[in-house]
Structures are given as structure tokens and as C-alpha cells.
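As recorded in Swiss-Prot, the features of this protein are as follows:
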BINDING   D25, H27, D58, H224  Mn(2+) 1 binding site
BINDING   D58, N97, H132, H222  Mn(2+) 2 binding site
BINDING   N97, R98, D140, S178, E191, H222  substrate binding site
Amino acid sequence: MSDAPTASALKTPVRVSGPVFFISDLHLSAGMPATAAAFERFVRTRAREARTLVILGDFFEYWVGDEELADPFHRHVAALLAELAQAGTRVLLMHGNRDFLLGKRFLATTQATLLPDPSVLEADGLRIVLAHGDALCTRDAAYMRFRRWTRKRWVQRLFLAMPLRWRLRIAQKMRADSEAGRALSANVAGEPRAAAMMGDVAPEAVDALFKAAGIPLLIHGHTHRPRLHHEPGGERWVLSDWDFDHAQPRGSFLRLQDGVLTAEPVTA
């Protein structure tokens with residue numbers, strides 16, 4: 001379950017070996033077979049070049065508890081991560097806003113290590129602040145209220161005590177409502193689907209995170225707007241989402257090697 005971010009997570013870096021690959025927002029589900037296939041190819045080819053793979057949230061479209069491992073699709077994806085770990089690539093995982101209920105059973109099955117949000121990573125002589133990114137969208141007051149409630153452990157315990165079929169229905173309803181809201185926003189604003197996916201981060205929240213960490217380098221996902229930003233507090237890299245099941249397929253990862261960050265495409 002989700003860990004509340006603490007000041008100690010920013011002051012105590014997680015030290016890893018490079019090359020390090022960063023991905024986020026794959027939103028894996030059985031309903032997105034081409035995206036899932038792209039991830040499987042990535043795990044069995046490019047990801048083997050990395051000593052460390054960092055997944056910065058929303059790895060799954062939704063996750064309502066570790067009973068999801070009984071589902072063949074989710075079990076196969078978990079096996080892919082375990083296969084990668086057994087091949088020698090360390091897997092680090094951060095919760096996203098869709099999969100913050102990934103728990104101890106999933107971590108044990110995949111041999112992954114959970115990162116608090118935010119965290120600091122140290123590799124190749126660099127210190128990097130890592131976040132999923134949703135906590136930086138502070139101008140979305142309704143979402144921030146929802147986030148505060150759903151990260152409370154007692155709320156999570158109550159939800160996990162429900163029958164699995166109830167939890168799945170709730171998640172599917174929330175997913176449908178979210179998609180409808182995005183489509184409406186895109187139509188009203190006249191924006192393309194990718195640009196209207198969700199609200200962007202608040203500059204003041206980004207600045208506060210830079211100051212709290214004291215590190216001028218940040219990597220996050222969530223917004224589906226991949227780009228390198230030069231902020232007053234430092235460089236901010238935004239990771240791409242992955243989608244190979246709709247028009248305008250997209251997907252990339254960020255490589256850290258020899259102290260240099262580069263964005264590289266993922267092939268379908």
C-alpha cells in the first residue's frame with residue numbers, strides 16, 4: 001500500500017548502479033494488448049541493457065489489491081518483472097495514482113523494491129529527485145482532496161476489505177468517469193487527446209520540491225507530456241506514457257548512462 005512521503009526519503013538517497021532506465025504511465029491492462037506486447041519486448045530486449053529499471057507509477061491502468069495476481073494478465077506481467085530481476089536488472093517501483101494499492105505480495109512476486117514518493121536516487125555521480133507527479137498537480141483542488149483521502153491507511157484497509165468484485169466495479173466506474181471527463185475537456189478546449197489527458201503540475205509545487213530536496217534534477221511522469229523543462233530550481237524531465245493501441249502510438253524511456261540523460265523511443 002502507499003507510503004506517505006517523508007523528509008527522510010529526500011535526505012537518504014537510494015544508491016543504484018547504471019545504466020538506469022526510467023519509465024512510467026504504461027497503464028497496462030488486458031484491454032491494451034499492443035501496449036502490453038511492447039512492454040514484453042522491452043523487458044526481453046532493451047531493458048536487459050540496464051542495471052536498474054525505475055518505474056515511476058501507473059504501471060497498471062488500475063490495481064485494487066494484490067488478489068489481482070490471480071488474473072492471468074497481471075500474473076504474466078508480474079512474471080516479466082521477476083524474469084528481468086533474475087536476469088540481473090534491479091527493479092524499483094513507485095506507486096502512481098492508478099496503482100497505489102500495489103502491495104507486499106506483488107513486490108515479493110516481482111522482486112521489486114518500493115520507492116516512496118518522492119525519493120532521491122543516486123547513480124553515476126548524479127542525485128535525482130523522483131516522483132510520480134500527481135502530488136505536484138496542486139491546482140486541481142478536487143483531485144488533491146481525493147488523493148489525501150485515498151492515501152490514508154484506514155481508508156485503504158476499508159477498501160481492501162470489500163469483496164474483490166466490488167473493488168473492480170468501483171475501479172472500472174472511476175476509469176470510465178475519468179475517460180469521459182478527459183474526452184469532454186478535449187472537446188471543449190479543442191485540444192488533441194494527448195495534450196488534454198490531465199492537468200499539468202503547478203510551478204510552485206515543483207519549486208517547493210526542488211527546494212526541499214536541494215537537488216536541481218527532477219524526473220516524474222503522470223502528465224503524459226514528455227519534455228525537458230528548465231525550471232528556476234533545475235532541470236525537470238517528464239516521462240512519456242505508453243500507448244500502442246490507439247492512433248498516434250507513443251512510448252519512450254529515459255536512459256541514464258555515464259552521467260547523461262537521454263530519451264529513447266520504444267518500438268511497437
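Just so you know, the numbers here start at 1 and follow the chain as drawn.
From the backbone N, Cα and C atoms, a Cβ is placed for every residue, glycine too.
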Query raised in the report: Cβ within 8 Å of the Mn(2+) 2 site's Cβ centroid: which residues qualify beyond D58, N97, H132, H222?
Result: S24, D25, L56, G57, H95, G96, R98, G133, D134, G221
Query raised in the report: At the Cα level, what's the spacing in Å between N97 (Mn(2+) 2 binding site) and D58 (Mn(2+) 1 binding site), rounded?
Result: 6
Report task. Have a look at the binding-site residues R98, H132, D140, H222 and say which one has the shortest Cα distance to D25 (Mn(2+) 1 binding site). Result -> H222
Query raised in the report: Cα of D140 (substrate binding site) to Cα of H222 (Mn(2+) 2 binding site): how many Å, rounded?
Result: 14
Report summary line: Candidates D58, D140 (binding-site residues); min other-Cβ count within 10 Å returns D140
Requested in this report: List only the single closest residue to H222 (Mn(2+) 2 binding site), chosen from the binding-site residues H27, D58, R98 by CA-CA distance.
Outcome: D58
Query raised in the report: Between the binding-site residues H27, D58, R98, H224, which lies closest to H132 (Mn(2+) 2 binding site), Cα to Cα?
Result: D58
Requested in this report: Starting from the Cβ centroid of D25, H27, D58, H224, which together make up the recorded Mn(2+) 1 site, report each further residue of the same chain whose Cβ lies within 8 Å of that point, ordered by sequence.
Outcome: S24, L26, G57, G96, R98, G221, H222, D241, W242
**Report entry** Spatial separation of R98 (substrate binding site) from D58 (Mn(2+) 1 binding site) - C-alpha basis, Å
**Finding:** 5
Report summary line: Excluding its own, the Cβ atoms lying within 10 Å of the Cβ of R98 (substrate binding site) add up to 24
Query raised in the report: Just how many other Cβ atoms lie inside 10 Å of the Cβ on D25 (Mn(2+) 1 binding site)?
Result: 27
Query raised in the report: Cα of R98 (substrate binding site) to Cα of H27 (Mn(2+) 1 binding site): how many Å, rounded?
Result: 8
Query - Sparsest-packed of the listed binding-site residues (H222, H224) - C-beta count within 10 angstroms - result: H224
